[in-house]
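Beneath this line is the structure, given in structure tokens, with notes to follow.
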Amino acid sequence: MRLGVVGLGVIGRAMVRAADEGRVPASVAAVTTRTPAKAEAFLAGLKARPHLTDLAGVVEASEVVAEASGGPTVEAICRAALPRGRDVLVLSAGALLEREDLLELARASGSRIYVPSGAIIGLDGLKGAAAGRLDSVTMTTRKPPAGLKGAPYVVERGLDLDALREPTVIFEGSPVEACRGFPENVNVSAAVSLAGIGPRRTTIRIVCDPSIGRNIHEVEAAGEFGRSFIRIENVPSENPKTGILTFLSTIAFLRGREAHLVVGT
């Protein structure tokens, strides 16, 4: 598999490094980043250095294009890659919500858009439950102030997260609204909604908790299958907005795409 990577932050570097070390059945053909000068030091340390180019160059060189560059870039990546028959791996799943036009591009070309599990567990169970009657899905995300600072919702409302002394609900609504207000913080809610009952029927609650040092996600679901409760405490990566599990799940996806035994729904 020839992989192209857009973005060389924590997740992008993890994918490239995993391929370079032989931990995934892929070779990274090309990468692109907004900060090419900064990327040079990272690329220089690889055994097989990929070509540093622009988005068009990444699409041309790759079979699968992985987005690790943030929500604002998803549309451009999809419009460049899908009509060329390239599959697209989207980490910023919030950018896909209510974007039927991007899904239609994939259908027209026979390409696929993949959304890895990211920072959450249990999406296989939600997908299974959604095959029947799924009545409700509620997600609660708890993050320390550092994991929420700079989000448009926080900035626009002038919220002083450092002043909080106890867990405080700062948002409750749909994943559509949450991903607009917290585009780098709660993409996991988009994945949950896409696996379950959709972005308008799913509820997400965001709690800023100064007493914790991890990102905690809880998902409650109910339907004809019964009830489920999922909780995960994610250790943050060097980027406090991104948990380590996010890039580990991406590596697992790349392994599974070429696997002869596929486990899970």
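Any Cβ shown, glycine's included, is placed from N, Cα and C.
As recorded in TrEMBL, the features of this protein are as follows:
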ACT_SITE  HIS217  active site
BINDING   ALA119, ASN187  NAD(+) binding site
DOMAIN    7-116  domain 'Aspartate/homoserine dehydrogenase NAD-binding'
DOMAIN    165-251  domain 'Aspartate dehydrogenase'
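Locations of recorded TrEMBL features on the structure.
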residue : record              : DSSP class
ALA119  : NAD(+) binding site : coil
ASN187  : NAD(+) binding site : helix
HIS217  : active site         : strand
State the Cα to Cα distance, in Å, between ASN187 (NAD(+) binding site) and HIS217 (active site), rounded to an integer. 12
In the domain 'Aspartate dehydrogenase' (165-251), how many residues does DSSP call helix, how many strand, and how many coil? 24 helix, 32 strand, 31 coil
CB contacts for ASN187 (NAD(+) binding site) [other CB atoms within 10 A, all chains]: 30
Whole-number Å distance separating the Cα atoms of ALA119 (NAD(+) binding site) and HIS217 (active site) is 8
Sequence gap of 6 or more, C-beta under 8 Å: which same-chain residues meet both conditions with respect to the residue listed as 'active site'? ALA119, ILE120, MET139, THR140, THR141, ARG142, VAL188, ILE230, ARG231, ILE232, ASN234
Please report the number of other Cβ atoms within 10 Å of the Cβ of ALA119 (NAD(+) binding site). 23
